[in-house]
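First comes the structure, then the notes that go with it.
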Amino acid sequence: MAKRRRLTPPRADFLTSAAEPAAGAAPEAPGPLETKTMFRLNPNPVPNPAPRSRAPIADVAGETSASAALSELSQEVAQRRAEGRMVERLPLLQVDAAHLVRDRLTADAEELQALTDSLRDRGQQTPIEVVDRGESARPRYGLIAGWRRMAALLQLSGEAGEAPQDATVLAVIRSPKTASDAYLAMVEENEIRADLSYYERARIVLKSVEQGVHLSQKEALTTLFKHVSRAKRSKIKSFVPVVAALDGVLRFPTALSEKAGLDLARYLAADQGHAARLITRLQDAAPASAEEELALIAAETGSPAMAPAADPDIPAETVPVTGVSDSNPPAPPRQPAAPRAQNRQAESRAAVHADFEPDTGIIRLSGPGVDAAFLLDLEHWLARRR
């Protein structure tokens, strides 16, 4: 049988009597501090750290994941920038427009004004293309394509009263592997956006060879204009002697139409002294307009194609010449000149002997009529047959 314990009612002095030592008894040594008395004895307590809600490994994993995401984003941005897939805003003065020898000699005033008005109303919609020349280069970036956009933005900056150093331009940074790739990008953009004259096309062929970008005119022609037809490349090639002989002498070279340029090329090839004689005539006359210059060349070469085109709907490949004054019309070409050219061509055809070998497929042309002018005529005829 379990032993029963008697319960006594609580005493009011129980806690007090337990805290006070009995009379005559030695005081007890202080024991370890209790939690309830700690703050009384330590006036500047250090609060307990907040309990951790998760294990330390979770924090490490989170930091590693964030670092990996940031590194991946940085690599993606760097890769897109290197591949030319990122549009950046650059200071306009940090772009060197003369980094490459430009293929465009002049900009039509009306077209440039139309571009300026468009940029003023809608902003820059298409970025220019530049190459990063390094942090030590000044200007740092070299222009590949977008010369007209740069010119229009500079004009707008001046109209707005903006300091030149504050003007900016949207650009894509390209990384051409060679200088030839940079020239190709410049030429192809102009071929697509605004047709160049044949003189300008032939000039960039010569300049790229002079700059050491290409080893020969043939290489430059086939590389820079590899996406145009063979007939068009043949015409560009025909303009090369004109550029070589008269570049820097002609004041309005882009006014030469396709037909006029081909006639001038034949004239220069017919006699080595023709170039020197024409240069002297041009320098002495110092024509003040494209019409005067074309009329002078027509009088010297006897080419009726030198006269400015009167039809406003002329083909897109020719450059229209405007500004003829009724009070001062261009001098007409000399009448006997064209028959002389026709007679010379007839004599050349009669003085050419042709031999054909059916087994080898070789045609040999010989005789006094075989000269540089005859070769040009033959190349043009072959180009039209392709």
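Our numbering is plain: 1 for the first residue shown, then up by one each step along the chain.
Just so you know, glycine gets a Cβ as well, placed from its N, Cα and C.
Now, the feature entries from TrEMBL:
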type	residues	note
COMPBIAS	18-32	compositional bias 'Low complexity'
COMPBIAS	305-316	compositional bias 'Low complexity'
DOMAIN	93-191	domain 'ParB-like N-terminal'
REGION	1-55	region 'Disordered'
REGION	305-350	region 'Disordered'
For the domain 'ParB-like N-terminal' (93-191), residues assigned helix / strand / coil by DSSP: 45 helix, 19 strand, 35 coil
Model confidence over the domain 'ParB-like N-terminal' (93-191) (mean pLDDT, whole number): 80
